[in-house]
Each structure stands twice: as C-alpha cells, then as structure tokens.
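Swiss-Prot has this to say about the protein:
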REGION    1-23  region 'Hydrophobic'
DOMAIN    29-87  domain '4Fe-4S'
BINDING   CYS46, CYS49, CYS54, CYS70  [4Fe-4S] cluster 1 binding site
DOMAIN    101-130  domain '4Fe-4S ferredoxin-type 1'
BINDING   CYS110, CYS113, CYS116, CYS150  [4Fe-4S] cluster 2 binding site
BINDING   CYS120, CYS140, CYS143, CYS146  [4Fe-4S] cluster 3 binding site
DOMAIN    131-160  domain '4Fe-4S ferredoxin-type 2'
Amino acid sequence: MTFLFIVITLLALIFGAILGFASIKLKVEADPVVEKIDAILPQSQCGQCGYPGCKPYAEAICNGDEITKCIPGGQTTIVKIAEILGVDVPTMEGIEEPIEKVAFIDENMCIGCTKCIQACPVDAIIGTNKAMHTIIPDLCTGCELCVAPCPTDCILMIPVKKNIDNWDWKFDAKLVIPVMNVDGSEKKLVVGE
C-alpha cells in the first residue's frame, strides 16, 4: 500500500514538472496593445460592433478596423482607445447617438422557454424553465440579442427617455423607467438604489 502511494506521488510530481515546463516553453505571447484595448471594452459580448465578442473586436482594431463601433462603450471608450493607439479621436459628425433601449418581457405571453436567458450576454434576464422571465433593467445593455430567439415575440425593446432624473450622472442615482402594463395602467419601475 505504501509502495503504491509512493509511485503515484512520484508520477504526479513528474507529470506536474512536465506540465510546468511545457507551459513556460510553449507559452504564446499575446499582443499587449490588444490586451489593453480589450481591458477598456465593456465586456458585454453583445456583438453590436459586428464581432462575436470584445476580444475579436480588440484584435480587429489593432488590425486597422474603426474604433467607433462599440455602442455600449460610448464616447469614453473611443477616447481611451484612441489614446492607446496614438491616433486622433474621430469626429462623431454624421454618426447618430444610439437610442438607449431596455428589453421588456410581456409576462402574459412568456412561455418560459429560457431561450432569451441563454442569449443574454450579461445575465440581465431571470427566470426558470416553464416560468415567467423578467429583465433586470440596470443590467440590460440593449443589445437586442434576446429578441430573435424568443418564439412568442414577447420581448420588446423600450427606449429609455433621458431626463434630469435618469440621466447617467456617474454616481448612485435612481433610474426610473416608465412601464405600460397589459391592462393599460402605467407604473414606474425604479432601479439602481
């Protein structure tokens, strides 16, 4: 029994040393500029830039693609990327400011299929199989990736109207989103406390 323990321990040490050596010898060096740009991007993996995630978009930027495609990152991200690359910040003339939207699930039509939950890159949708789902407005980036997979078309994208109360002041403030119920009554959803 002791002999078996010693043999297994020696094998574990030998294989551990081989793996440690291989990880150092076969290490692939990443482009540090790509890593810096990827760290600045919002990591929502929403695909609004035309790439499947933030890392591929960072690589495309280093290969000469436009730096203005990240909608969730906004102007601040564009300025930071321009600083890293040492280029001028492109003018935003002719480029419309995207309308900020939040997904809303009509809970009377939701069948609980969980397809929207699987599609959401930021886990802004909560619910379980065969039960109603709902959206957490603070987490929703408005990427619309949850709309297409929904078989009952119960997900609507509602524009968030900017006013003095819900504008992004960069400090803890309440976000009020007007929500129209199915019965026609209107209520206000307060988030961000």
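FYI, residue positions are counted from 1 along the chain as it appears here.
Cβ from N, Cα, C; glycine included.
Listed in sequence order, the residues of the same chain lying 6 or more apart from CYS46 ([4Fe-4S] cluster 1 binding site) and placing their CB within less than 8 Å of its CB are ILE71, PRO72, PRO121, VAL122, THR141, CYS143, LEU145. If you average pLDDT over the region 'Hydrophobic' (1-23) in this model, you get 94.
In the three-state DSSP scheme, CYS116 ([4Fe-4S] cluster 2 binding site) is classed as helix. The two recorded residues, CYS140 ([4Fe-4S] cluster 3 binding site) and CYS116 ([4Fe-4S] cluster 2 binding site), have Cα atoms 12 Å apart. Cβ neighbours within 10 Å of CYS49 ([4Fe-4S] cluster 1 binding site), excluding its own Cβ and spanning all shown chains: 21. Cα distances from CYS146 ([4Fe-4S] cluster 3 binding site) to the binding-site residues CYS54, CYS70, CYS110, CYS113, CYS116 are smallest for CYS116. Between the alpha carbons (Cα) of CYS150 ([4Fe-4S] cluster 2 binding site) and CYS120 ([4Fe-4S] cluster 3 binding site) lies a span of roughly 12 Å.
CYS120 ([4Fe-4S] cluster 3 binding site) is 16 Å away from CYS49 ([4Fe-4S] cluster 1 binding site) when you measure Cα to Cα. Each of the binding-site residues CYS54, CYS150 was scored by how many other Cβ atoms lie within 10 Å of its Cβ, and the smallest score goes to CYS150.
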